[in-house]
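For reference, the structure is listed below as structure tokens.
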């Protein structure tokens, strides 16, 4: 087992070492040695002596350090003497290096220092450059200098050479030896500090390190030429610094920090193997202290510690090779330190105010800040007593301070990041979540590290700025999720990452969601006032509203709303302010929310409440299309024209989808059937499932005619997902739509009206629904003369519905005592438009037509609840939800600022300025998206204090777009 040494220097310059294998302090054998500073690297240590010289100590090892000196003897042939050392004036030296440009006679080679000795005398290398033995005294021949040499002497060989070799060995291992001064170069002024590092930058065997120094005049110097065979290096090179430097610290990697005389800090950037001195300096502010600034800094692989003039210890967060400057200082409680140092594995040692030596307990890769300081206790020499020498600055004490109000916790991993500039592609990145706790308050930062054009870069997101974490379906990745912030929501471009496995994605989402909840103080189950939404992937999201969400003035912007994922998989969710929440899956199964999430769920974000979990299943149907074209020779065939769609494609024909390449939506899904021809395709089919048309993409029909030159048929396959979630199944009727009576927060009801539509279009009313029994007891069938496709109940038990033939109906005489009502009243649809979905609030009705236009029903009064006419409000709307305060929220296909590369529709938008005097509102606020398909605000009945005058609404946060994107068609009146 290899051992490591802790080096220490006392106030008298005496050098001591503490070995991990011997467990005791030992003084260096050279009793005359006196050092002022010492720095340790991998298998070597450097120090500054009291005589201002630099000293080196290389650890003893089994493999000796050898260096081979070489020189070449060169000769030319002449007719009188043959080959001789009398060369032409234009030739190389008689004794030279390989290139011939430098004269190197044998007597010019001297030992670089007393630490070396010759292993023997000079001898001729008997192996030629090609690796073959030479029988002619080591000579190689050529036509002229510097042609290619060979061992064979030819008739035209006019020059020859041979190589002389002498080895020297480093004999001073295990002892401190003086580094010779540079000649003829000017040596640096006396050094006041040295630091070695960089040995982890290379993964090659025999790593070498970098040595940095600071002169007494504040200049920065770099020792060049340090190699495994040349441990002393070659010469000192000055590195220009913007101001005078007092102290320097280099890490095992590419981190280099320095302390200026005024207490500020410098960070060297651009350090790499090709450029060991780096490229530039960056000034970093000192930790926030009253006066004095920083007096000492210590650097590790990915940590930076500092000591300020008041002897307080500070930790720099977010430091690594991609972000060498870090992101901020955090103060560490506990002992006061005069200096700190970072050793192997980022372990931390410190010298306290009492000159005692302390060790930072609990430092791990996941918790680099550790948990407290403990004193170092070790034997002195061969004595068994645990004592300290009086002259040693690193003392041993019996008291121990473990209390700390500070900690940093880090989790690292590898992912792929969808790069948000052209060319758009997946990039391998490193990620790290850094969470800090200071005086009980937690904060976290999420870092993404990547390399672009050999330059290390990083992105970072403050967890307190995250607004939603949601899984997404992304090209070439099944384990992707999006991280939204307020800024990325405005830009319509979230941070998209992909984990390696489904479990990794679930773990990271759980961890990040937990940090988000801690940062926002969210605990327990969703409140009764919560807003619910569903993504196009089926994930259920919830937002806890604040009173300012619907305030007339200073409204909370949509892009700052925090959405939290609730375990489950649904197509739509509806709720009210009494805590009744219903949902419908893609397979039509009805579900009612049963309470809370848990640690066994995919994303355990709710903690501390009662957990009522159930097994939830959902099913989807996947479709692909087989396309063929007719030709006179073979008839219908899959040999299509170059301008046609793919032989196997999706509905629009733009994407190739074959049976073998089409997979379930995510790895959580599994196939439950095989591929089969869909004979129930709308528009009709023949006996083999084919539909015919004159060309792509003309309307298809089921009967072939003489003008039909293309055909298609749809293949279908079902898949299923099973998960554990707080949703209880409500059997046995599959539903296509559901609605819950909205009410105010102070309302008390014995029965809550819940209406639904079966998958066949039957209208149903749920009986026995209460806040204590949200699932109810049974369904009551409400008679209709045709199937319906959308239904909504509003304030005062107003029930509105849309039939499948696009007719609109109002249900009369519905009340708490007569929950099913008495009869249906036909309501005219907007002119030349067909409605598909509607939502009823307290006093307003909104509807969406097949062309994604949003309509407002005018003239609604208690005496005439059917209203008088439809008014067009906006376009580009796919879903609308009206709450108990008549607040209006929609899902829009597109919003201003959405990049054309993000072809995912579905953004949450809020209607601003809605009030009694302005029931249609004034403008739109654009929120999270895309990828959202449903929202319900029918549980939010929190009324905010209204400002005077009542028309004081928020100014539109975005100008109306030039193209028709969620366009407001309401006539404007001058203010």
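Think of each number as a place in line: the chain as shown, counted from 1.
Using the three backbone atoms N, Cα and C, a Cβ is placed for every residue, glycine included.
The feature domain 'Peroxin/Ferlin' is assigned by TrEMBL to 64-125 (among others). Summed and averaged per residue, pLDDT over the domain 'Peroxin/Ferlin' (64-125) gives 93.
Note on the domain 'Peroxin/Ferlin' (138-171): residues 58, 64-77, 83, 91-92, 99-100, 106, 109, 111, 115-126, 128-130, 132, 231 of its chain, located 6 or more positions outside it, place their CB under 8 angstroms from a CB of the stretch. Annotated domain 'Peroxin/Ferlin' per TrEMBL: 138-171 (among others), in sequence order.
Per DSSP, the domain 'PH' (409-519) is made up of 27 helix, 65 strand, 19 coil. Marked as domain 'PH' by TrEMBL: 409-519.
If you look up TrEMBL, you'll see 617-678 (among others) marked as domain 'Peroxin/Ferlin'.
DSSP labels the residues of the domain 'Peroxin/Ferlin' (689-722) in these numbers: 0 helix, 18 strand, 16 coil. Annotated domain 'Peroxin/Ferlin' per TrEMBL: 689-722 (among others), in sequence order.
Residues or ranges marked as region 'Disordered' in TrEMBL: 950-975.
Looking at which of 64-125, 617-678, 689-722 has the most CB pairs under 8 Å to the domain 'PH' (409-519), the answer is the stretch 617-678. When Cβ-Cβ distances below 8 Å are used as the criterion, the domain 'Peroxin/Ferlin' (689-722) is approached by residues 569, 615-630, 636, 644-645, 652-653, 659, 662, 664-665, 668-679, 681, 683 of the same chain, each at least six residues removed from its ends. When the domain 'Peroxin/Ferlin' (64-125) is classified with DSSP, helix, strand and coil residues number 3 helix, 24 strand, 35 coil.
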